[in-house]
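Listed features, source Swiss-Prot:
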type    : residues                             : note
BINDING : GLY85, PHE90, ILE137, GLU138, ARG156 : S-adenosyl-L-methionine binding site
Amino acid sequence: MQQHPMPDSLPGAAFWEALGWTPEPAQLGQLKALQDLLRSWNSRVNLTRLVEGDDYWINQVFDSLWPLQTELRSPHQSRLAIDVGTGGGFPGLAVAIAMPGARMTLLDSVGRKTAAVQAMVNDLGLSDRVSVRTDRIESAGHDRTLRGGFDLAMARAVAAAPVVAEYLVPLLKPDGNALLYRGQWGDTDLRQLKRALVPLNAQLSSSQHCQLPAERGVRHLIRLQPVSPCPRQFPRAVGVPSRQPLGG
């Protein structure tokens, strides 16, 4: 993708062209309102430092949405999606705004963050199709209401790829996709991930990369798909996936 410097205020047409998706006026208003809400909540809860200018529009909005260019071609299609480790609400809130057909679950283990995100969901008028849950993913992955129920499961800046795979794969429908948002990515990362996918009964379906606008760095997206049902023992008990990563 070509690089497009950001203006001081709202993004221009070149920004959205680079993203491959242009918001409706109401969606742009929601994205701006989300920025204002983040500013307000950051004074009470440390959600994110990426709130102003390029930090928000590129490192939050653009970085949340570019991996979903395929899905953004049919934004009103009914989908069930989950954002694991949502933190301050990304990528989940940006995805919910951009894809009106999606029903989103935003999951995080830190109660003060989920309380802030729930308040933002309410203020943005998204509570009819966005739910916020406070839980550890190792526990949530065994919940009958979540396990095997999602078309899309995504995680950004959560843990190493083999760990994230163990978190996300059990949540997928048989034809679902896990989206691993990655920064640096190389051959060693790929080998470790492929080894981790074997016991999960999953496979790597695609990988792609993107140069963020304004020379904000390169990002990678790794998509995973189930091959057969994920064994019931995954995800393992709280803390085990990160201490003893699959494929290590």
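Yeah, the Cβs are placed from backbone N, Cα and C, and that goes for glycine too.
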Where the record names GLY85, PHE90, ILE137, GLU138, ARG156 as binding S-adenosyl-L-methionine, the maximum Cα to Cα distance in Å:
20
So which of the binding-site residues is most packed in, judged by how many other Cβ atoms lie within 10 Å of its Cβ, out of ILE137, GLU138?
ILE137
What same-chain residues, at least 6 away in sequence, bring their CB to under 8 Å of the CB of PHE90 (S-adenosyl-L-methionine binding site)?
THR48, GLN60, ASP63, SER64, ASP83, ARG156
Those residues of the chain, 6+ apart, with a Cβ under 8 Å from that of GLY85 (S-adenosyl-L-methionine binding site):
LEU107, ASP108, ILE137, ALA155, ARG156, ALA157, VAL158, ALA159
So, three-state DSSP: helix, strand or coil for ARG156 (S-adenosyl-L-methionine binding site)?
strand
Across all chains shown, how many C-beta atoms besides its own are within 10 angstroms of the C-beta of ARG156 (S-adenosyl-L-methionine binding site)?
24
